[in-house]
Amino acid sequence: MGFLKWVVAFSILCNFLATPTLSISSFLNKEEFANISVNFLNLAKRPELFDWIVRIRRTIHENPELGFEEFETSKLIRNELDKMGIFYKYPVAVTGVVGFIGTGKPPFVALRADMDALAMQEEVDWEHKSKIPGKMHACGHDAHVAMLLGAAKILQEQRDDLQGTVLLVFQPAEEGGGGAKKMLESGILDNVDAIFGLHVSPISPIGTVAASSGPIMAGSGFFEAVIKGKGGHAAIPQHTIDPILAASNIIVSLQHLVSRETDPLDSQVVTVAKFKGGSAFNVIPDSVTIGGTFRAFSKESFTQLKQRIVEVIKRQAAVQRCNATVDFDIKNRPFYPVTVNNKALHEQFRNVAGQMLGIDKIIEMKPTMGTEDFSFFAEAIPGYFYFLGMVDETKGRFESGHSPFYRVNEDALPYGVALHASLATTYLLEHQLKSTTRDQNVHDEL
C-alpha cells in the first residue's frame, strides 16, 4: 500500500514549505488524514483477513485459559507472529508476548490486548462453545487478541513505511491478577512513549466507539475479613460470642462509609459480596468470613476508604466482643489504579476515529466504577483506553461481560483492527513530523 509512504513524503514537504506547528492536522488536510484511517479499515475488511481473524478468535474461544495459565493462547500468538516474520520476546510476565514491528528505533508506541478467560461455565449453545469445563471467554479477550493479531498483519505489510516501532503487547491475567503490573515490572515497556488499548462493548452500536479524556474507570481493591467469636448451641446464645451478628453489624456500618462520610460528588463504592459462616441451622459458628471490593476515583479517596474499612471492621467486631483480621491480599490481587486517558492522545483518537467512522460515531463516555488493569500502563506511560461498539439489534441481545451468555459480534472485529493500526501509525507519523519540525527550528536559528 503506497498511501502511507505518500502521506509521509507529502507531510515532510509541507513542513518545509509552511510555518511549522506541532499538530499532524496542520500538515495533512482532512482528506489526506482520512486516507490513513479509511484505507486501514478497507484493508481490515478484506474477506481473507476477516475470515482469518474470526478463525483465530474462535480457536481461542474454544480453549479458554485463566490468568497466568495462557500457555496455549500464547503459543498460538507466537506461531502467528512467526508466520508473519515478526520478532517478539517471550515469556514476559509468565505467559505474555511482546512483538515488535518497524524500525526498532524510537519513537515506540504500544498496542495492548489481554488474553485470559474467566472461571465460569459457558451457557451459549453454538458451534465454537468452550471445550474446557468451568472456563469461558466471557469478557471478549479472545476478540482482543484476534484484533491485535489482525493489526499486526496489516502493520507488518507496511513495516518499511513506519516512522518508528510498534509494540504488540499480549498481556496475561487482566481479570484480577494484575498482569499489566507484572509486564511493567519486567521492564519490557520502559522506552514506550504511548500505549493504546480497547475493549469490545455490549452497550454501544457497531461502528461506534466510546471514550473520553481524563479518569474513565475507578481504582479498585479487594478485602477479606475473618471475624472470630465463640461458637455454641443456637438455643443458648448467651454462652456464645456470635460472629454472625458481629459480621452483620460490620456490613451495615461499611455502607455508611459512602453514604455518611463521602462527598456525594466524589464517587466511591464499598460492596460486601461474600459471607461465609456456619454449616448447621442450630449451631453458632466460631468464625465468619466476609469479603468484597472498594472503589474510588482518586488516590486520596482510595487510601482513606481502605483505612476506614480496617477501622470499621475491627472496631465493630470489638463492640460485639469479637476479634477481626483484615487482609487485602495485595500480592495476589494488587490494587488497580484509576484508569486515566491522556488528553493529547484523546485528541489524536478523536481525529482518527472521526475520520474512520464519522465524528458522530464517537460517544462521550461517562466514568464508570468498573476497573481495568490497563490502568497500570496508563499510570506509567501516556495511555488511552476506549470501547468498541458491537451491538447489532438484528442479532439479538448482547449480554454484559462476565455473563455465561456473553457473545461477541464478530462483525465488529475489522473496526478494532483498523483502529489499532491507524492509532499506531498516526502516532508515529506525528512524532516524525515533530522531530522534523524541531530540526527545522534549529536550522533556522543557526
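The backbone N, Cα and C atoms fix where each Cβ goes, and this holds for glycine too.
As recorded in TrEMBL:
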- 1-23: signal peptide (SIGNAL)
- Cys139, His141, Glu175, His199, His402: Mn(2+) binding site (BINDING)
- 219-317: domain 'Peptidase M20 dimerisation' (DOMAIN)
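Locations of recorded TrEMBL features on the structure.
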| residue | record | Cβ within 10 Å |
| --- | --- | --- |
| Cys139 | Mn(2+) binding site | 22 |
| His141 | Mn(2+) binding site | 29 |
| Glu175 | Mn(2+) binding site | 20 |
| His199 | Mn(2+) binding site | 23 |
| His402 | Mn(2+) binding site | 12 |
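Listed in sequence order, the residues Asp114, Asp116, Leu118, His137, Ala138, Gly140, Glu174, Gly401 complete the 8 Å Cβ shell around the Mn(2+) site centroid, once Cys139, His141, Glu175, His199, His402 themselves are left out. Mean model confidence for the domain 'Peptidase M20 dimerisation' (219-317) is a pLDDT of 97. Shown for the domain 'Peptidase M20 dimerisation' (219-317): DSSP residue counts in helix, strand and coil, namely 39 helix, 35 strand, 25 coil.
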